[in-house]
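Chemist: Have a look at this one before I ask anything.
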Amino acid sequence: MAKLALLIRGTALLLCLLVFQAASTSDGQASVSRACIGSERDALLSFKASLLDPAGHLSSWQGEDCCQWKGVRCSNRTGHLIKLNLRNIDMEDYMGYSMYDYMGYYSDYSYPNRGRSLSLSAGEMSSSLATLQHLRYLDLSWNNFNGTSIPIYLSSLKSLRYLNLSRAGFSGRIPSQLGNLSKLQYLDLSWNYDYYGNKSYILDLAWLPRLSLLRHLDMSYVDLGSARDWFQRVNMLPN
């Protein structure tokens, strides 16, 4: 009986040790997987350096662990950056949906909260975001990117499922290379124009049907006047 009791206690102790070791290993792996990947942190910092941020929206972007920065989310499994949400809530809350929204003259450059938008410190947005190849979600909406064109390099982010570039002060031609984003399910390009009211525009929508997984598309106020067969192209999208 004494030997049996000793055996039971020994077995229980062994099980406790195994459970503790498994928990420690699991915690260690989770900690490692959530740690910021250095090259992706550098990409974010390069992107930040190309911006003016008068309201301090990116003030948390400092320190080693970029996964803890505002607007940034990393995969718990791999540690790669999978979500970047820089939507300007201040601007959205101020604007709401006024009559000027629907007229297309909501005066992007005159309302009081304009000074709280992210904007470009130089002529163009840093291309460092192109290195974020695991990014699934990108929202740059309600900012002011000074009437520059939508960067072609965004079309290299092949893991994107969600892309929102609405009301971000882009203008010029919308790149057909966006058709390379074959995993996209959500695409919003609406209400983009520069200080002079020049809209973003599309010349050819042949790329659009390649987005076979698309479930949401908003191109409100995009100039389609020169686009060939745009109605047929849109109808080729899945219902």
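Note: Cβ is positioned from N, Cα and C throughout, glycine not excepted.
Predicted automatically and left uncurated, TrEMBL annotations should be read as such.
Pulled these features from TrEMBL for this protein:
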- 39-75: domain 'Leucine-rich repeat-containing N-terminal plant-type' (DOMAIN)
- 1-28: signal peptide (SIGNAL)
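For the listed features, I'd like the structural context: burial, neighbours, distances.
Modeler: When pLDDT values are averaged over the domain 'Leucine-rich repeat-containing N-terminal plant-type' (39-75), the model yields 96.
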Chemist: What else in the chain is close to the domain 'Leucine-rich repeat-containing N-terminal plant-type' (39-75), if you only count residues 6 or more beyond its ends and a Cβ gap under 8 Å?
Modeler: 33, 81-86, 88, 90, 115-122, 124-126, 128-129, 131-132, 134, 137
